[in-house]
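Engineer: Sending over a structure as structure tokens; questions will come in a sec.
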Amino acid sequence: MRTLGHPAEKALLVGIELPNQQEPGVTESLEELGELARSAGAAVASHAVQRLQTPTAPFYIGRGKAEELSERCQEGGIHSVIFDDELTPAQSRNLSNVFSRKVLDRTQLILDIFAQRAKTREGKIQIELAQLLYLLPRLTRLWSHLSRQTGGIGTRGPGETQLEVDRRRVQQRIARLHRDLEAVRRSRAVQREGRHRCSWPTLCLVGYTNSGKSTLFNRLTQSEVLVEDKLFATLDPTIRLLQLGGKQRAFLADTVGFIRKLPHDLIDSFRATLEEVKEADLLIHLVDVSDPKVEERIADVRRVLEELDVLGKPSLLVWNKIDRLHGPALLHRLLQRYPGSIGISAWDGSGIEELLSRIGSWSRGRALLFRLRLPVERGDLLARLHREGEPVEVRYRPDGIYVHAWIPAFLQASLAPFILPERGSADSRDASGGTTAGEDGGERPEWAEGFGAAGDSSRNR
Ligand SMILES: Nc1nc2c(ncn2[C@@H]2O[C@H](COP(=O)(O)OP(=O)(O)OP(=O)(O)O)[C@@H](O)[C@H]2O)c(=O)[nH]1
Ligand SMILES: [Mg+2]
């Protein structure tokens with residue numbers, strides 16, 4: 001289901017300005033709507049702003065204003081009118097009647113972009129579901145073409161109007177898509193399980209759309225996922241193994257970008273995809289530092305993270321596109337304001353080494369130093385320790401292999417039977433029996449300062 005997309009299609013953008021309106025103002029919001037329209041393939045012909053006390057129930061901008069703008073469309077050869085908010089079903093209907101041309105709202109536009117971008121089966125199911133959830137309350141008799149499209153499959157039951165038939169069909173389709181998505185979720189869970197078994201931590205890139213997540217992903221993993229100067233270039237998550245130096249590795253996930261007013265149905269429908277964010281061990285929050293509203297962007301992303309219930313996860317704030325800055329002042333200010341954050345350019349590579357080393361020390365920080373005695377015949381465990389942990393000392397004795405090693409969190413449970421009680425006082429150990437990184441001669445992990453919870457502003461400010 002596509003609504004826009006012909007390059008020559010000219011659009012008028014319409015927003016309202018209310019008294020005491022909170023940031024962002026209508027101008028900025030319309031600018032972003034313009035970006036969305038361009039990303040959907042339309043050409044923005046002009047903007048209109050209506051100042052109101054409250055949005056009017058039947059026509060959103062008021063009937064008089066709608067009629068005036070309709071004339072403007074006539075004169076300017078404008079094909080579609082895009083409103084900066086989600087319109088109610090009644091408003092859409094009324095405005096379509098006044099304008100006699102395509103009337104869209106912000107939600108539909110975002111859905112439209114997603115529909116254009118969806119390539120995989122999973123992406124297509126999720127977007128169709130979001131579109132149908134949007135459509136369902138808006139079904140009227142005008143939508144009877146739906147039944148023609150689906151061509152007499154479930155014929156009308158006794159006493160059912162066409163509208164009821166349409167609704168029933170849409171509901172059936174929604175139920176079907178929910179079932180399909182359940183299958184997708186299960187298979188993603190199995191893949192995740194596989195990753196957990198090989199046990200490297202998973203890092204997930206999150207951030208506002210267009211902040212450069214895929215560019216960074218490609219640079220770090222030598223991949224070639226699609227990068228575009230368009231909103232929502234990425235829809236489906238991609239996951240690759242990342243080398244962190246030494247023996248450290250991590251899975252890195254690139255995923256869909258966020259945006260202010262991300263439609264609810266979309267978040268709901270994309271839960272399967274967004275589970276990669278939920279299951280991640282560390283969120284790398286990428287911010288486009290050349291965006292004049294960096295701090296609002298951070299807040300917008302945090303709102304979505306909150307909705308996904310992942311604000312408590314460890315996160316690393318990364319300022320991207322520093323190559324675009326004129327002088328060091330802004331970055332300097334941001335680094336002070338958000339301690340532990342770092343500046344990079346995914347495009348020219350500056351700061352990447354430091355980013356990798358920060359991720360590496362976070363990953364080591366999850367490891368604990370243990371003394372173990374492995375049975376002599378368990379060379380496989382020793383091999384695994386060499387592969388996934390960091391042995392400090394290994395001694396072969398008749399009664400076993402004695403190992404002193406950093407053991408990552410994921411390996412601790414399987415090695416638990418072989419862990420020796422720590423010498424010295426109980427104070428040198430944490431609750432799980434290991435010595436925390438930073439003690440016992442190990443370096444103090446930087447993560448102790450550099451990583452806050454995703455929403456922990458007290459830490460980041
Ligand atoms: N100058 C500069 N441009 C960058 C940098 N990183 C990314 N870009 C550009 O920013 C645009 C968006 O990059 P993407 O990597 O597609 O951004 P994204 O966050 O994956 O975007 P979505 O998938 O749409 O959410 C592209 O035009 C990139 O070339 C950077 O460090 N410096
Ligand atoms: Mg992307």
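Yeah, the Cβs are placed from backbone N, Cα and C, and that goes for glycine too.
Keep in mind that TrEMBL annotations are predicted by a computer and have not been checked by a curator.
Annotations per TrEMBL:
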BINDING   207-214, 232-236, 254-257, 320-323  GTP binding site
BINDING   Ser214, Thr234  Mg(2+) binding site
DOMAIN    201-367  domain 'Hflx-type G'
REGION    423-461  region 'Disordered'
Engineer: Quick one: among the binding-site residues Ala233, Val256, which has the most Cβ atoms sitting within 10 Å of its own Cβ?
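Structural biologist: Sorting the candidates by Cβ neighbours within 10 Å, the top entry is Val256.
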Engineer: Express the distance between the Cα positions of Thr234 (Mg(2+) binding site) and Gly207 (GTP binding site) as a whole number of Å.
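Structural biologist: Pair distance, Cα basis, whole Å: 12 Å.
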Engineer: Out of Lys213, Lys321, give me whichever of these binding-site residues has the highest number of other Cβ atoms within 10 Å.
Structural biologist: Lys213
Engineer: Rank the binding-site residues Asn210, Ser214, Thr234 by the number of other Cβ atoms within 10 Å of each Cβ and report the first-ranked residue.
Structural biologist: Ser214
Engineer: State the three-class DSSP label for Gly207 (GTP binding site), counting H, G and I as helix, E and B as strand, and everything else as coil.
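Structural biologist: The residue in question, Gly207 (GTP binding site), is strand (DSSP, three-state).
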Engineer: What is the Cβ neighbour count of Gly207 (GTP binding site) at a 10 Å cut-off, with all protein chains included?
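Structural biologist: If we count other Cβ atoms within 10 Å of Gly207 (GTP binding site), we arrive at 25.
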Engineer: Work out how many Å separate Asp236 (GTP binding site) and Ser214 (Mg(2+) binding site) at their Cα atoms, rounded off.
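Structural biologist: With the alpha carbons as reference points, the distance is 11 Å.
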Engineer: List those of the binding-site residues Lys213, Thr234, Asp236 whose Cβ lies under 6 Å from any atom of ligand 1, in sequence order, or write none if there are none.
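Structural biologist: Among Lys213, Thr234, Asp236, near ligand 1: Lys213, Thr234.
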Engineer: Quick one: Cα separation, Val256 (GTP binding site) versus Ser214 (Mg(2+) binding site), in Å?
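Structural biologist: About 10 Å separate the Cα atoms of these two residues.
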Engineer: Can you tell me which of Gly207, Asn210, Ala233, Thr234, Asp236, Lys321, our binding-site residues, come within under 6 Å of ligand 2 at the Cβ?
Structural biologist: Ala233, Thr234
Engineer: Including all protein chains shown, what's the count of other C-beta atoms within 10 A of the C-beta of Asp236 (GTP binding site)?
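Structural biologist: For Asp236 (GTP binding site), the 10 Å Cβ neighbour count is 20.
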Engineer: Which of the three DSSP-derived classes (helix, strand, coil) applies to Lys213 (GTP binding site)?
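Structural biologist: For Lys213 (GTP binding site) - judged by DSSP and reduced to three states - the answer is helix.
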Engineer: Let me know the DSSP-derived helix, strand or coil state of Val256 (GTP binding site), please.
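Structural biologist: Coil, per DSSP.
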Engineer: Reported as an integer number of Å, what is the Cα distance between Ala233 (GTP binding site) and Ser214 (Mg(2+) binding site)?
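Structural biologist: Distance between the two Cα atoms comes out at 9 Å.
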Engineer: Give me the CA-CA distance between Lys321 (GTP binding site) and Ser214 (Mg(2+) binding site), in Å, as a whole number.
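Structural biologist: Given the Cα positions, Lys321 (GTP binding site) is 13 Å from Ser214 (Mg(2+) binding site).
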